[in-house]
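What TrEMBL records for this protein:
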REPEAT    1-31  repeat 'ANK'
REPEAT    33-65  repeat 'ANK'
REPEAT    66-98  repeat 'ANK'
REPEAT    100-132  repeat 'ANK'
REPEAT    135-167  repeat 'ANK'
REPEAT    168-200  repeat 'ANK'
Amino acid sequence: QTLLPWMVRAGKKAILRILVDKGANPSIKDEGRGYTPLIVALQHGNEAIVSLLIDKGANIDLKDDYGMSPIATAAREGKEAIARVLTDNNASVNDKSRPHRQMPLLWAIASGSEAIASLLLNAGADVNIDSRECRGMSALTCAVDAGHEAVVRLLLDHGADVNATDVWARTPLFLAAGGGDEAMTLLLLERGASVSARDWDGVSPLDMADRGGRDGLI
């Protein structure tokens, strides 16, 4: 059984096939971090071995000892081709993972991958999820905070709530205006962002822009 992860790392597809056909467990975890052969294969970017393991019955949603599923790991590492294989094989796209209980969509946003975010959304990822241990920021707020305009546009096109609030009652517009991002601010306004929203301290997006000296946005 311990030979299997080594063959995955070495990219020995033919030997892997023989081992699994002779009874090796394609979902066995290693003793270090609890990585499955599937996770090891995707970390090495080996799409062919990922496909082989899935075909041989590997558990597509089995997490490592850190709570990261294969699809969350692929999203975090920007492995688009492998993310596509996983979603094509019905990987769970709304299964929360540690750390910060981030779902695959939030990992895709963090890595700035519009392509993977699109794959996940088309596979049924919840566009209005939030990272409750990260100030309750919605997926849209996370994308605005990271400055990923293309991802923001993608989320809005899939129905993201433009006025979703975090734990301080701040909407995505607060971050865009406070950060002086004119293009992002205009995009959010065009999609219905409220300029009259107030956070728990009574501060509005206009106040945020004013405090930051963003005169061009006022």
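Glycine is treated like the rest: Cβ placed from N, Cα and C.
Panel annotation: around the repeat 'ANK' (33-65), residues 4-5, 8-9, 11, 13, 16-17, 20-21, 26-27, 71, 73-74, 77, 79, 81-82, 85-86, 89-92, 95, 97 of the same chain, lying at least six beyond its termini, place a Cβ under 8 Å from a Cβ of the stretch. When Cβ-Cβ distances below 8 Å are used as the criterion, the repeat 'ANK' (1-31) is approached by residues 37-38, 40-41, 44, 46, 48-49, 52-53, 56-59, 62, 64-65 of the same chain, each at least six residues removed from its ends.
According to DSSP, the secondary structure content of the repeat 'ANK' (168-200) in residues is 16 helix, 0 strand, 17 coil.
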